[in-house]
Amino acid sequence: MNISNIKIMLLGSGELGKEFIIAAQRLGIHTIVVDRYKNAPAMQVAHESYVIDMLNSDALEQLILAKNPTYIVPEIEAINTDSLVKLEAHNFNIIPCAKATKLTMDRQGIRALAAQQLNLQTSKFAFANSEQEYLDVIQSIGLPFVIKPVMSSSGKGQSIVKEHNEIKKAWDYAQNGSRGHAKGVIVEQFIDFDYEITLLTVRHKDGTSFCDPIGHIQKDGDYRFSWQPHTMPDTALAKSQEIAKEITDALGGYGVFGVELFIKGDEVFFNEVSPRPHDTGMVTLISQNINEFELHLRAIVGLPIPDIQTLQPSASAAILLEGDTANASICGIDKALADANVDIRIFGKKEIHGKRRMGVVLAKAQNTHIALETSKQALAHIHLTK
């Protein structure tokens, strides 16, 4: 295999894409990245970068035809997936495949696959395309429930509704968080689960591999902390791996899939799946012998994937900062790095208008509890320059 002849085009240039591009650069692979704005994180480390509206089919197809990449790797959902389906039919290699990208871009498609075709256990759910339909389905779902836009990213528009006086506010919040022109929502019965995990699942030429389960804490629908390994009963872990393999086999293609699951005792409920590295999986930058971005790259280009090992208990903490500036300056990194068990990634984003994830703290320790506390202590030092 001569990987120096490979060209990878990344559609989306966020922080996860940046780590993926770094992994590709280390192996001498030519990298091209695309996003809707200049100087996005992955653009800062790629050979070539382009700014286009990836929902515009003409712009997207013209760029791909002009650059003729070996692999096209979607990093975000805001892409014209019909174009990817068409390009795949003309022998372009979409990762993991156009079907997976299209199905997982909206919650209605993936929930139909999981619950109706594969009969995986999920929470009770219903879809609504108007506020009146939303009010109607609440009657059958009952309180408390979770509402999410059918199309959104990074937890935008998600909320848990526990009281009747929160119902209208939750609808409005979902509409504001929805991507594009989609107004639909999914309403799910709230599961009083014991914990939730991400099971990073790698489909590659030699089969399917699993990383150790990653525990995480979400707030406002977005990841704040994660840790690995998350200790769980053997029965629940086996069920989790079975579900993850079933859903990823149905989607097809090669690469890393982030499978989100709720665990209650030995019961496992499917929640969501992303056909790409997962934000909670940033902990693997410090915890594993091969991190999730390297695993994604290896699976895509056909490199060997040996045993995936968790080297030590580890945790990550999202650096979520709040402000209103076009030139963010971050302080406190020196204090955070005074601990030998701490590492940091700053993503290179300059603009903040409200809250924005600007980096991640990584910590290792003799157990995940201490690693999580260490990450929180380091996080407390980091802030915007006043």
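Keep in mind that glycine also has a Cβ here, set from the backbone N, Cα and C atoms.
Keep in mind that what you see is a predicted model, and the values were worked out from it rather than measured.
Taken residue by residue with DSSP, Arg357 (N(1)-(5-phospho-beta-D-ribosyl)glycinamide binding site) is part of a strand. Residues or ranges marked as N(1)-(5-phospho-beta-D-ribosyl)glycinamide binding site in Swiss-Prot (evidence: sequence analysis): Glu15, Leu16, Glu75, Asp279, Lys349, Arg356, Arg357.
What Swiss-Prot records for Arg107, Lys148, Ser153, Ser154, Gly155, Lys156, Gly157, Gln158, Glu188, Gln189, Phe190, Ile191, Glu196 is ATP binding site, and it gives sequence analysis as the kind of evidence. DSSP classifies Phe190 (ATP binding site) as coil under the three-state reduction.
Feature annotation from Swiss-Prot assigns domain 'ATP-grasp' to 112-301; the stated evidence is sequence analysis.
The Mg(2+) binding site annotation in Swiss-Prot covers Glu260, Glu272. Annotation note: Glu272 (Mg(2+) binding site) sits in a strand segment as assigned by DSSP.
Contacts of Phe190 (ATP binding site) defined by a Cβ separation under 8 A and a same-chain sequence distance of 6+ are given as Ser123, Pro144, Phe145, Val146, Ile160, in order along the sequence.
Less than 8 angstroms from the CB of Glu75 (N(1)-(5-phospho-beta-D-ribosyl)glycinamide binding site) sit Leu10, Leu11, Gly12, Ser13, Gly14, Leu16, Gly17, Phe20, Ala42, Arg276, each of them six or more residues away in the same chain. The distance from the Cα of Arg357 (N(1)-(5-phospho-beta-D-ribosyl)glycinamide binding site) to the Cα of Glu188 (ATP binding site) comes to 27 Å. Using a 10 Å Cα-Cα cut-off from Glu260 (Mg(2+) binding site), the binding-site residues that qualify among Glu15, Arg107, Gly157, Glu196, Asp279, Arg356 are Glu196.
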